[in-house]
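Visitor: Just lifted these from Swiss-Prot, have a look:
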type: ACT_SITE; residues: K105; note: active site
type: BINDING; residues: G220, Y221, G222, N223, A224, G225, Y226; note: NAD(+) binding site
Amino acid sequence: MVEQDPFEIAVKQLERAAQYMKISEEALEFLKRPQRIVEVTIPVEMDDGTVKVFTGFRVQYNWARGPTKGGIRWHPEETLSTVKALAAWMTWKTAVMDLPYGGGKGGIIVDPKKLSDREKERLARGYIRAIYDVISPYEDIPAPDVYTNPQIMAWMMDEYEAISRRKTPAFGIITGKPLSIGGSLGRNEATARGASYTIREARKVLGWGDLKGKTIAIQGYGNAGYYLAKIMSEDYGMKVVAVSDSKGGIYNPDGLNADEVLKWKQEHGSVKDFPGATNITNEELLELEVDVLAPAAIEEVITKKNADNIKAKIVAEVANGPVTPEADEILFEKGILQIPDFLCNAGGVTVSYFEWVQNITGYYWTLEEVREKLDKKMTKAFYDVYNTAKEKNIHMRDADYVVAVQRVYQAMLDRGWVKH
């Protein structure tokens, strides 16, 4: 796990970005603090008749650009510092994608594996009752995150509707819902699909002809890792030569079939020992000689210890925070093109935005329309960041921050919250 305080890291990253832009001291001070922090107590009746008390959080980091947006995490080690940091990062992510949102995040300190489905439902509904006064389709829009899913979002939306006594617009109170109650097509694949568009554009700026026959290694084979393997091989003709999960990885220089590997993982609990592939460690996967490396699992896997051994030409950060600041510098010096996490994995929040738009208007799009709109958003954001990096001769992560913070700062100036 990460040893540094997450919110301290978020503030340091903001301060670093501020060096590359003109921003007033007062605005920077404002941006280092969340606009609203809510801590709630949620009593839940357990199946055995006893009552357990849970602590929940909702942080609305900055709403200069619009309603705050961000997931709800259920985790036994959830902390307010983590929720604040993630809310700050959501602020920058929505800004770099130019979505009309601010950033938010929610969390409950709970081990969901120890709860029955009925207990989960009571906790979900209790959380919404507790934060009801600070959320709405026009104020703060939650979504699924760690250990929460479309079913939990459905219970939460239903509770919000019951309290508000409103129907259709209330669909937009939460995104990541099941399709039957206002979910969007394309949401499952959104993170990977968005990442694929940024990889496509990255190869253009590197002057590659196309991606056919190029190699990719993917660390992590959850939702994003699987969909990325499938999309890059089937739509772009890339060779997925290695994938891994928490138990280890597999390598086949001739390429792996995404669906067959997923089936094997579901049957055996891991991708390891997949027929026709060689078992490798997660550490070995990162250092393979491939064209594209996509860390899609956990944070801080590329550090100053192994950054010098990275041989990929593109590092696509599908996970949150997979590269440490020290490693950023090393990759930059080596001439490796990084697609930073706020940009690379922003397909998820972008399709969440599309879901909200469809809910508010009551008009639903086809899968092709969702993909086409996502492509436009991701491509524009990629060049906003890439051109800023080139212009200022800074690496992509710093450019990502500069683009995002500048947009939030401009909104704060226009509202009269701060001065130049």
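Including glycine, each Cβ sits where the backbone N, Cα and C put it.
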Visitor: Give the distance between the Cα atoms of A224 (NAD(+) binding site) and K105 (active site), rounded to the nearest whole Å.
Guide: 20
Visitor: List the same-chain residues at least 6 positions away in sequence whose Cβ sits under 8 Å from the Cβ of Y226 (NAD(+) binding site), in sequence order, or say none.
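Guide: Once residues fewer than 6 apart are set aside, Y226 (NAD(+) binding site) is near A192, A258, V261, L262.
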Visitor: Enumerate same-chain residues with a sequence separation of six or more from Y221 (NAD(+) binding site) and a Cβ-Cβ distance below 8 A; give 'none' if the list is empty.
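Guide: The list for Y221 (NAD(+) binding site) reads A229, V243, S244, D245, V261, L262, K265, V271, A296, given in order along the sequence.
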Visitor: On the three-state reduction of DSSP, what should I expect for Y221 (NAD(+) binding site)?
Guide: coil
Visitor: Which residue among the binding-site residues G220, G222, G225 has the fewest other Cβ atoms within 10 Å of its Cβ, if you could check?
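Guide: Minimum Cβ neighbour count within 10 Å, taken over the binding-site residues G220, G222, G225, occurs at G222.
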Visitor: For NAD(+), what surrounds G220, Y221, G222, N223, A224, G225, Y226 with a Cβ no more than 8 Å from their Cβ centroid?
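Guide: Sorted by sequence, the hits are A192, I218, Y227, L228, A296, A297.
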Visitor: Tell me the Cβ contacts of the residue listed as 'active site' under 8 Å, same chain only and six or more apart in sequence, or just say none.
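Guide: Looking at Cβ-Cβ distances below 8 Å from the residue listed as 'active site', excluding near sequence neighbours, one finds F57, R58, V59, Y61, G70, G71, I72, R73, V83, K84, L86, A87, M90, D145.
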Visitor: Mind checking which of N223, A224 has the fewest other CB atoms within 10 A of its CB? They're the binding-site residues.
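Guide: Checked N223, A224; of these binding-site residues, fewest Cβ neighbours within 10 Å: N223.
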